[in-house]
Structures are given as C-alpha cells and as structure tokens.
Amino acid sequence: MGVNAVHWFRKGLRLHDNPALKECIQGADTIRCVYILDPWFAGSSNVGINRWRFLLQCLEDLDANLRKLNSRLFVIRGQPADVFPRLFKEWNITKLSIEYDSEPFGKERDAAIKKLATEAGVEVIVRISHTLYDLDKIIELNGGQPPLTYKRFQTLISKMEPLEIPVETITSEVIEKCTTPLSDDHDEKYGVPSLEELGFDTDGLSSAVWPGGETEALTRLERHLERKAWVANFERPRMNANSLLASPTGLSPYLRFGCLSCRLFYFKLTDLYKKVKKNSSPPLSLYGQLLWREFFYTAATNNPRFDKMEGNPICVQIPWDKNPEALAKWAEGRTGFPWIDAIMTQLRQEGWIHHLARHAVACFLTRGDLWISWEEGMKVFEELLLDADWSINAGSWMWLSCSSFFQQFFHCYCPVGFGRRTDPNGDYIRRYLPVLRGFPAKYIYDPWNAPEGIQKVAKCLIGVNYPKPMVNHAEASRLNIERMKQIYQQLSRYRGLGLLASVPSNPNGNGGFMGYSAENIPGCSSSGSCSQGSGILHYAHGDSQQTHLLKQGRSSMGTGLSGGKRPSQEEDTQSIGPKVQRQSTN
C-alpha cells in the first residue's frame, strides 16, 4: 500500500514556510490538502461578513496556487472529529500533518484528532510555524509560568536558541513525486463556497479593502519593506491623518490567518536592517509587532479562561456595569462623539482600524467613559476585526482596560482631543461620518458646541441628525479613574504591598502615554479626564497566594504585585493588539 497523506490547513494558509506540509509531502505517493469549514470560524464565534470574505479569498488563493502544482484544495464541511475517521477510510490515509495550534481550544481539538489518527494507524506530523518560538520552551525557561511583562518576555527570548530560517516554498519540484487524486466533480464536492452559499446577503457589500490570500500577503510584504526608510535611522513614523486609513502595506490580517509567515517577515526585517546598518545586530524593538504577538500567545497558551474575567488567573476582577443600550451605541458608532463613531464605522465597513484608534475606542468603552467590561468589546472586535486573534484580542482588551499586564489607569484617551490632535482638519471624520461633512474643523470633533446657525448651515442638527454625546466625558472619566484607583488600592492593601499610582509632578514629561496631558489636548478638562500618571503593577512570579486570591474574589492576578519603576518610553507607548507597533506593519 502506498503512502497517502493529508495536510489539514487551519491557520497557516500558505505554501511558503510551511514545514508540516513540506514534511508531509516527503515520501508520500498522494497528497490532499484539506480545509474543514467549522472548527473555530463557523462554530464558536460570531464572525462578520468581512472576516468570512477574507477567509474565503484566502482559500480561493490557496486553491489557485495548488492548481499550479497540479493539486487542489479540498474544502469539507463538518466537525473534524466526524470528518477525519471517514477520510481516513475513504482515502486510505497513512499520514496527517498539521501546524501546531498553541491556543487551548486548538490543543484540545488536535489531541482528539491525534487520538483518532493513532487508532486508525495514521502517522501524525505536527510542526510549529504560526509563532516564532516554541512557547512551551519560553514557559519552561520561566519556571513553568508564562511571563506577564514584556520586559521579562524579552529577557527570556534573548536566551533562546536562534530562530530557524523559513523552509523552502512548496513548488512543483518539491511536490513532483506526489500526486493529488482529483475527480471531475471536485468543485461541486470540495470547492470553496461563496458568501451567498454560506447565507450572507451581499447586496451593497463594498469591495474588499483587504483582499485575502498568500499572493496578496507576499506582494504587501515587498511593498512594506520597500517603504521602510525608517530603518536607516531607526525612527518611528509620526502618526497623522493618513495613518488612520488602511495601508496597501498593512500585514496584520495576513499574519493572523497565516497567509504570511511570521518567520519570513522576521528574517526579511533582519536582512533589511543588516543591509542598511552594515551587519550590526538589530535591536529587539525592530520586531515589535511580532514579539508582542508572541508575548500574548505565550500568556494564553495554557489558560483556557484567557478570554474571560472570571476564573482567569491573570485578570483583575473589576465590577463592570452591564448596559446593553450603551454597548450597542458604542458598537454601532452612535455615541455622539465623532472620533469614536468614525472609528467604529470604519471597523464595521472595512474590518480594520489603526492600533491607536483601537486604544481610543477600547478606553472609551471600558475604564474611560462607559465602564463596560472588556469582554464585551472583545466580542465586537472578534466579529468585525479581520486580524482579531483569540490570544491577542483578549490580551489587548485586558491590557487596555487595565485588567492585566501593565496598569496605567490614569492614562485616559480624550474622545475629542486625541482625534483633533491626530487629524486637525477632520478629514477622517468626514470620510466615515458624511452627516458631519458640513461642519468646520473647529467644531467637527465636538459638534454639540457649534452654534445653532453653524449646525443649520452644516445641515446637521445635533440631537436630530446626529446624536448628542451619550456621556459627559470629563465627569465620567474622572469618576472611572477614581473607581479604578480604589480597586487597585484595595487590592494593594489586601496584598500588603504598596501601589505605585500617582500623577507625576511634570504632566508634560515624556513618560506619559503618547505624551499627552489634559493641558495640551483641546477638549479635555485638566481635572483628571485625560491626566497622565502611572498605575504600573509589575508581577513577580511564583506567588503562593494565587489560589487564596481566587477564592476571595478580590483579584485573580495569579502573581505577586510589587511597586516598580515605570517602563521605558519604548515599552510604555507600545501599542498592544493584532496591530502592535507603529513601525512594523503600516
């Protein structure tokens, strides 16, 4: 009997740097590449039309690239546990390959499939290629616990073995001795479905701002590297109005779906840096996006409650308000704050927003204004954001809501001043909120302050054509900062440790978040609504009080707390999330 192999695509939707697929092909007589439409995407999450379209485009591109190798993609609907026993028998499978999935749900699913494969006499190949590092080795190096500060994480990876270079792309030469059995009715049986076939109404759906697939990902990577003039002097580009728009060099959705190998990106950045800097060693900060990604993957891999507040050993238990009406206004871009509403409109229309825009809307929903749980915001991002990833999405929301990682609860984004500083003319607002197009720049971020005559000229009456602000930002943010302060002081007293949480004497110093203060942001009061400060809590691993704390319900931080120095400005202003550092993706 010949060697009949199957490679199961999940993430990792590419032919370049795919070690599991490459090894699966070696020595095989037949190869079938399958994608099962269910596990995470169609099953457990509410996924919006833009994300589905991106996935289907990825699958279409993968199928097109496999066709060039006289192969095809087999798209199969169902649950993996039901599908594979049938395929093992029907195709006489002897070998199955998969890319390692570090997320708890994925590990549980894969363990079940490996058990079924073993029972059927099928060899299973698992290789790491969605992350740069073996996350278990990072945790082992840290005494069995995931590092919960980025600085500690950097220290650990600096001790790791050098990264392996990407494996060669699957080409006709690689696959030449391996055939794919195909039938005339392949498209009917195994073709990539359309959005309509999946039940989506596509009337009025605009063209994709982010086309899915490996081909597009590699094109963008080359463009991305070409415009990296910042590498020469290693300076970050300054944020401006254009930064808020989708870039033809953006990479985050492609890394999330594995259309682009993170290792390829890493080594391309390294090569470019060495070329410009004459072979000097690149700093870790060059890889900002990739390393923050690894940081959150590492924190989440052994924590099935990572996306929940309750029962999550690294998350502070905060008594958030339940307010479905306010949540809906935020999610649908009806807050009455043009900056927030424009961001949420862009997210719903295009499936992507700039990382600092993510900071603004996350702060507004949680600790800044509405005091609604980060879990609710995370679910909205999971539905709408192309690059939403279970580990990174949950980690970002915990961080931005001051529920875990770095706590900086005095730092609050002003929903008027932050946007005005970024885009003084208001072009971004006019693009996504055309109802406000007629307002002059002076009032476009706070149109409720415009005299009635100006509102009439703009053909937009506040409270009629566009909503009034749903909250008083100055009052809400001041109240919420006090709430957060009390939570951390209570936690600090309970733990018998001091808490560093005070407004610095120099409000315009460079240690503040984005360097903003109440005094230098128009539209923000100086009484705390945008004040800078430090609420940093550093973690010391190996705390024996974890179980006791969980039972007490005060906190489920899971690690010791100690007052510490502020992070460096580089660390302090890192953007967290699927798009995680300014110089890395756009």
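Heads up, the Cβ atoms here are built off N, Cα and C, so glycines get one too.
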Name the one residue among Gln289, Gln317, Gln455 that Swiss-Prot lists for the same FAD site as Ser252, His355, Asp387, Ala388, Asp389. Gln289
From 96-101, 162-167, 438-443, 486-491, the residue range that Swiss-Prot assigns the feature motif 'LIR 12': 486-491
Can you dig out which of the ranges 40-45, 88-93, 118-123, 430-435 Swiss-Prot describes as motif 'LIR 11'? 430-435
In Swiss-Prot, which of 82-87, 190-195, 244-249, 466-471 is tagged motif 'LIR 2'? 82-87
If Swiss-Prot is the reference, give me the range from 133-138, 139-144, 379-384 marked as motif 'LIR 8'. 379-384
Restricting to the domain 'Photolyase/cryptochrome alpha/beta' (3-132), what is the model's mean pLDDT? 95
Sequence-distant residues near the motif 'LIR 3' (151-156) by C-beta distance (under 8 Å, 6 or more away from its ends) are 138, 141-142, 284, 291, 294-295, 298, 567, 571
Secondary structure tally of the motif 'LIR 5' (271-276) (DSSP, helix then strand then coil): 6 helix, 0 strand, 0 coil
Tertiary contacts of the motif 'LIR 7' (335-339), defined by C-beta under 8 angstroms and 6+ residue spacing from its ends, are 329, 360, 364, 415-416, 418-420, 426, 429, 433, 436, 444-448, 462, 466-471, 473
